Amino acid sequence: MTTQLEQAWELAKQRFAAVGIDVEEALRQLDRLPVSMHCWQGDDVSGFENPEGSLTGGIQATGNYPGKARNASELRADLEQAMRLIPGPKRLNLHAIYLESDTPVSRDQIKPEHFKNWVEWAKANQLGLDFNPSCFSHPLSADGFTLSHADDRIRQFWIDHCKASRRVSAYFGEQLGTPSVMNIWIPDGMKDITVDRLAPRQRLLAALDEVISEKLNPAHHIDAVESKLFGIGAESYTVGSNEFYLGYATSRQTALCLDAGHFHPTEVISDKISAAMLYVPQLLLHVSRPVRWDSDHVVLLDDETQAIASEIVRHDLFDRVHIGLDFFDASINRIAAWVIGTRNMKKALLRALLEPTAELRKLEAAGDYTARLALLEEQKSLPWQAVWEMYCQRHDTPAGSEWLENVRTYEKEILSRRG
């Protein structure tokens, strides 16, 4: 007997075929686009180095929803629960503060061995890993400067931390057979009017050059750098601005990270992708949702998320763009946050793959902007949801909101016991 889902799928195939779209091919392409989930949603960016310490660096996780992960075992269990509810290929993005060691480890001394449990777990779950040095929430970042610090000793500490992090990243790539993208973000900046804006940037330039001086196998490791407009306590001046890092990535041919929340509220990173791709070899995207500032709300299936996905698909950037998520909401169930945000990113990618782009390009080239707008709007109403539900079924994940019951059961049986 044909199920309702299968009936909807057959009808959707016909509707999309009528506008020249092969839905089976769209699903094959969707399986080429892993989304890198960020570990820090699971514990509000606490990490395991000093989990009781305060979060610094001009970022905030607001809320106090019960059940956050308190150690690596709990975090991995929570991730597994979330990943079971998300269809298709996934990766995990780790920060250096999520190391595991029986004794304290200085950040400039981190080694691959401190992340071996993560690698074994990734192998067991068929995941790639990405990495980040953690240049915040540390006594030597307390005055707001790290890689651009005027004190040579402190600056060298952070240089050494980033160099050690690159070796960890390369270890991930070598062990897992897929390159690890290591993103450098620093909180460096000033609260008020800054007289010398040049010297910190000169120091940052030299520091970054030292960080990436060790040649690593690009099949194992990819360097990325990330700008930001401002942070809490660094409202007036950010050393690592967009112009600084675009210039750096272009001149050094590293990847450039574009974070959806790291620009002026009227700017969108979807418009920056095609411009940056002319100059840099690869892009890392941190898909987020800024609400009036870099608030890192859970990603929605909104216009900007869709526009980001459409840029990747329309310009066939599958092999040059790495899709990561960056949000942390402590006011709702953290597993649900992962599931909602990651499923929304994948839905946006699917909708982009179901767009009749070739026809739209023809209309645009012919100057028929009326038809272009009409078709763009009409295709939003095509039955993409039926295609999504079949994709979920094929990946043995819940198709609709029934995933929430899985989360509620896990919350009742596991999270509620954490206090």
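Just so you know, glycine gets a Cβ as well, placed from its N, Cα and C.
In Swiss-Prot this protein carries:
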- His262, Asp294, Asp296: Mn(2+) binding site (BINDING)
Other C-beta atoms that fall within 10 angstroms of the C-beta of Asp296 (Mn(2+) binding site): 27
Cβ neighbour count (within 10 Å, all chains shown) around Asp294 (Mn(2+) binding site): 24
Local Cβ density at His262 (Mn(2+) binding site) - other Cβ atoms counted within 10 Å: 25
His262 (Mn(2+) binding site) - helix vs strand vs coil (DSSP): coil
